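Here the structure is laid out as structure tokens; the discussion comes afterwards.
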């Protein structure tokens with residue numbers, strides 16, 4: 001089996017309004033779905049992505065105002081990399097610095113990028129990537145020559161880096177393509193969301209909270225999802241059953257390095273309950289929560 005790369009990455013945030021502002025107004029992503037955490041309906045679940053919310057472009061957040069700050073470290077995904085067109089780094093450097101962010105210009109595996117944290121300390125990077133195409137979602141001040149095209153990949157901090165690398169190469173179809181500065185780069189054939197970096201010697205233990213990643217989701221077709229269950233079991237990794245998340249179905253498991261992984265389907269996508277023009281404009285609830293809409297909206301912070 002081979003995954004088609006990343007489906008989405010989900011992280012914790014604290015302030016829902018600030019989370020919305022930063023990812024839509026500063027990074028220029030589209031809010032493609034505003035819903036709730038199905039396991040905790042008193043917490044929003046925001047999905048940001050390209051114009052359609054295509055797999056591989058999606059960054060999602062659980063913003064919980066009562067959350068304490070987390071610590072990025074072992075047992076987590078660390079930095080999330082976004083792709084932008086070649087030649088656009090100077091634009092992003094100016095834009096991010098105007099937003100008050102501290103940046104580090106860095107070349108990773110021969111690719112130029114900007115390393116920074118978002119306004120709630122989640123580690124991010126913007127990397128030039130000629131292979132990722134261009135985005136049609138261009139909010140004010142951003143053109144197709146600069147707009148984020150999707151996720152490039154993530155950096156993993158594993159308790160057992162070699163076991164994580166073995167799982168991704170032997171069971172998920174990734175290939176080791178390079179190693180530098182104690183980081184191994186793995187790649188799939190996906191043009192968007194195709195890169196996984198694994199740090200060989202992470203130091204700190206990760207602690208969940210705002211500013212940290214909750215889980216990393218990999219893509220699959222719906223007809224292929226059940227085939228992943230025996231693969232996960234063969235690696236002696238307990239998994240969830242297949243869960244309906246409205247816009248995809250999911251299987252969750254924690255790999256041997258302590259990182260929570262998900263296998264998520266491309267189908268049905270985010271236009272099951274909203275048109276293209278309506279995406280992200282209203283609070284959407286699954287049918288089983290719709291009868292509790294008033295109680296839920298009374299709890300949720302006003303945006």
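Glycine residues also receive a Cβ, built from the backbone N, Cα and C atoms like all the rest.
If you look up Swiss-Prot, you'll see 8, 215, 262 marked as Fe cation binding site, on the strength of sequence analysis. Applying an 8 A CB threshold to same-chain residues 6+ apart, the list for residue 215 (Fe cation binding site) reads 9, 10, 77, 252, 259, 260, 261, 262. Residue 215 (Fe cation binding site) carries a strand DSSP state (E or B).
Positions annotated as domain 'VOC 1' by Swiss-Prot: 5-129.
Sequence annotations record features per position, and here Swiss-Prot assigns domain 'VOC 2' to 150-266. Regional average pLDDT for the domain 'VOC 2' (150-266) in the model is 97.
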Number of other Cβ atoms within 10 Å of the Cβ of residue 8 (Fe cation binding site) across all protein chains: 25
Protein Cβ atoms within 10 Å of residue 262 (Fe cation binding site), excluding its own: 22
